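> Relevant sequence annotations retrieved from TrEMBL are reproduced here:
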- 18-270: domain 'Nodulin-like' (DOMAIN)
- 20-41: transmembrane segment (TRANSMEM)
- 90-111: transmembrane segment (TRANSMEM)
- 155-179: transmembrane segment (TRANSMEM)
- 185-205: transmembrane segment (TRANSMEM)
- 217-239: transmembrane segment (TRANSMEM)
- 251-270: transmembrane segment (TRANSMEM)
- 280-304: region 'Disordered' (REGION)
- 280-289: compositional bias 'Polar residues' (COMPBIAS)
- 338-365: transmembrane segment (TRANSMEM)
- 342-555: domain 'NFD4 C-terminal' (DOMAIN)
- 416-435: transmembrane segment (TRANSMEM)
- 441-463: transmembrane segment (TRANSMEM)
- 529-549: transmembrane segment (TRANSMEM)
- 566-587: region 'Disordered' (REGION)
Amino acid sequence: MTVSDSPMSLALVTLRGRWFMAYASFLIMSAAGATYIFAIYSKDIKTTLGYDQHDTTLTQQTLNTLGFFKNLGANVGIHAGLIAEVTPTWTILAIGSAMNFFGYFMIYLAITGKSARPHVWQMCLYIAIGANSQAFANTGALVTCVKNFPESRGVVLGLLKGFVGLSGAIFTQLYLAFYGTDSKSLVLLIAWLPAAISAVFLRTIRLMKPARSENEMKTFCSILYISLALAIYLMVAIILQKRFTFNHAEYGVSAAVVLFLLFLPVAVVIKEEIKSYRSKSQLPQNNPQRPKEPISGTDHTATKLTTPADSSIEAKGGLLPRIVKTFKSPKHGEDYTILQALVSIDMIILFIATVFGVGGTLTAIDNMGQIGESLGYPQRSIATFVSLISIWNYAGRVASGFGSEILLSKYKLPRPVLLAFVLLLSCVGHLLIAFGLPFSLYISSVVIGFCFGAAMPLILGIISELFGLKYYSTLYNFGGMASPVGSYLLNVRVAGRLYDREAERQNGKLAGSSEKALTCIGVQCYKHAFLIITAVTVASAVVMLVLAWRTREFYRGDIYAKFREGSESERVDSSLEEKMGEKSDSK
């Protein structure tokens, strides 16, 4: 074994490599879904703090207000993207870590009585800050990982978003093992665990030279298989824990299996990094004429040259040419500025389709409990619907990530076409809810969970492909804002109003006088709402086909060509530097 193959050298290479960076991103994402388990500890906030305790209706309204600020914090991340444009990645992760710990730790102190009882606005502020840390984690880890693996961006988005989808179930298993059934301590776990993971990998998550390896897809597939095993295990564990009573030791065993599956991808990462390192170290000896691969772990910054002609044009131009140049969109695939992307027709089309297409699936997910209640399903079945949505949400994310990448590379099938297909498929779930057929809610839960999961990697992938990666931190967060906007329009303004109207019709003048009187029973409770949602979702799919037609020439070409050309030029430069070094040594 040579000095370069010593355990210390191999360990350093692994820790500095792109694959270990990707694994660190997976871990951060697996702890970035605390907002998905708000229902577990929301009852503690309601009962312990006793807001408006003389009026149960107002208490629920207060809790809904907290839930709104949670969603607001989780989905508004434009500021995180703007900060990421001017600061290194570790700054974003550090800010997110501090916000996560502060927000959720203050909630923990409040519900355990270890601090003075906060006002409602203070609790709203705490939960918004804690939830907003999720936007910083996504910006720091996910966006950086996409930039480091630009030719596998669909796969990366699918995997990372898949781990976010599993994070709620992962948190549940860990807190049951650590703290038993004490749901207050779950808030403490949410406070310190994501913050600690981000803090550990502050220097690991960083931009590197995008150098595609020959077995890149194979390595990602290996990680996919492990994540599938984790998802299947979590589903089985959830089912068994609902049917049987587990003791603390059994919860501990279950958590140990989860941790084992979370750490198992390290073996894949180490194997890939060592293989890559040894092939590079042997390259000069075996084939000196072959260009040297860029060393993974160094920062890569693209620079744009400005010719004297361009400078003279800018100097002679007046105000109007400057304004036209500012808003004029470059070709698809080139790096748009933030302003150019936001005002482009393509971004407006994508935003509208996301608002009304994905917003419909969010409406179904948010109302699944009440939908099941109105259709007469027992509480155990309603809990099963939630679990089905969670697992199939993960399945949709990884399927769309891997599937779209394969279909794009082999058959030039554009992602906008796939997104249109996903939106049309979600209409099946909406119609099943609207007509309330027997046992149809089981199928609807699977379809809607899958489609919601599949849509987001496709949307984020389209943004990165059409508008470039230079300002992807900001554009990624802008794209993420569309679905909650749609949820508000379709959930609050459409489904909520029509539900209350039907409840008032069923209960007459009693509706509104008590919480129980507003309960609606029957197919009519959500029928008209989901017929409307189906219609706007079909319209969204048509809009996406318009985007596919506008970008057809772009997707017919090689959209990753510039990344391969950049890698080749870097390899040539490295080879020339190596030859010059050999000549100087011989002298």
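For all residues, glycine too, the Cβ spot is worked out from N, Cα and C.
TrEMBL annotations: computationally assigned, not manually curated.
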> Are there residues at least 6 beyond the ends of the transmembrane segment (217-239) whose Cβ is under 8 Å from a Cβ of it, and what are they?
19, 23, 26, 152, 155-156, 159, 162-163, 166, 169-170, 172-173, 254, 257-258, 261-262, 264-265, 268, 272, 387, 391, 394-395, 398, 402, 405
> Give me the stretch from 20-41, 155-179, 185-205, 251-270, 338-365 with the greatest number of Cβ pairs under 8 Å to the transmembrane segment (90-111).
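Comparing 20-41, 155-179, 185-205, 251-270, 338-365: 185-205 has the most Cβ pairs near the transmembrane segment (90-111).
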> So, does the transmembrane segment (338-365) come close enough to the transmembrane segment (529-549) to give 3+ Cβ pairs below 8 Å, pairs being at least 6 apart in sequence?
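Result for the transmembrane segment (529-549) with the transmembrane segment (338-365) is yes.
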> Summarise the model's confidence over the domain 'Nodulin-like' (18-270) as a mean pLDDT value.
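87, rounded to a whole number.
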> Give me the stretch from 185-205, 251-270, 338-365, 416-435 with the greatest number of Cβ pairs under 8 Å to the transmembrane segment (155-179).
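Out of the listed stretches, 251-270 contacts the transmembrane segment (155-179) most.
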